[in-house]
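**Q** Mind having a look at this structure? Questions to follow.
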């Protein structure tokens, strides 16, 4: 042990997944890895704190039961960002006193569980939207607050149990801990454990999302076609025309909200697909590369920041809550926006059709 530590102190570079390209002799650290991890850590923590605070500041976001799952994802992603401080501190040589093997195993297990919570929450969101569209009359009796809380608890327990065998030397849950040399060199993946994870987590979640959203968009397309046919049939009647417009606009908010959730799910799987493919190839012994391991892993972890970005771009209620959250910091800008949005004064005139 003393001889190895003397060798490390004599000038040999520490272990870097990106190789000698990312190592700085002057700073004695893997600069590229530290920069990428710290950048993602700041984005993930900041973005998910914003999501959590906005949900507390915008009561309209609680009208959908999916908000409970979205907040669960936000808390899980926030914990991912906080846990990413561990490899950052390790690369900066602040964790030398800790057992590298135990630290690597605990960190890899925690991140795997937290990302599993996000994946399972996305599957539950798709099932919730499927029930809301296929059984709208019985939705309130099927999806109750008590059942939602039980479902969220089951998500956390199930995610924790799926990756628990990794502590009993069955296999490696992922490459999140490969920043530590022991994880990259000594902790090997197992084809049996990888198949176990895919069969119990990745495949069921992906198939559930594909089936539910496929059915949802098929139903929406069918309803749109029926409404269009009715509109063309009764377009000559003004009353029928107004009724069809009201019927057509009736499902607009639900359709827009479903599109927001579909974007979140699509971005999640787009960012995670390279990691899952590399995980399967490496477990089967077909391909292994440290740079590919690092890039696919942290590309998947970057998804923890994307939910905030998608919400801010797609959901008008979320943007209003975001404005309320930052209104104390920028009161002048908010007042300017309010004056711009204020309608021009109109002359009062009685109109029986304007009653609400």
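Cβ atoms are placed via backbone N, Cα and C, with glycine included.
Quick paste from TrEMBL:
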DOMAIN    47-311  domain 'G-protein coupled receptors family 1 profile'
TRANSMEM  34-61  transmembrane segment
TRANSMEM  73-95  transmembrane segment
TRANSMEM  148-168  transmembrane segment
TRANSMEM  196-216  transmembrane segment
TRANSMEM  260-281  transmembrane segment
TRANSMEM  293-314  transmembrane segment
**Q** The domain 'G-protein coupled receptors family 1 profile' (47-311): mean pLDDT?
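**A** Summing pLDDT over the domain 'G-protein coupled receptors family 1 profile' (47-311) and dividing by its length gives 81.
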**Q** May I ask for the residues of the chain that lie six or more residues beyond the transmembrane segment (196-216) and have a Cβ under 8 Å from a Cβ within it?
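**A** For the transmembrane segment (196-216), the far contacts come to 116, 119-120, 122-123, 126-127, 129-130, 133-134, 159, 162-163, 165, 170-171, 173, 258, 262, 265, 269, 276, 280.
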**Q** Mind checking which residues reach the transmembrane segment (148-168)? Cβ under 8 Å, same chain, six or more beyond either end.
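**A** Beyond its ends, the transmembrane segment (148-168) has Cβ neighbours at 65, 68-69, 72, 105, 108-109, 112-114, 116-117, 120-121, 124, 193, 196-197, 200-201.
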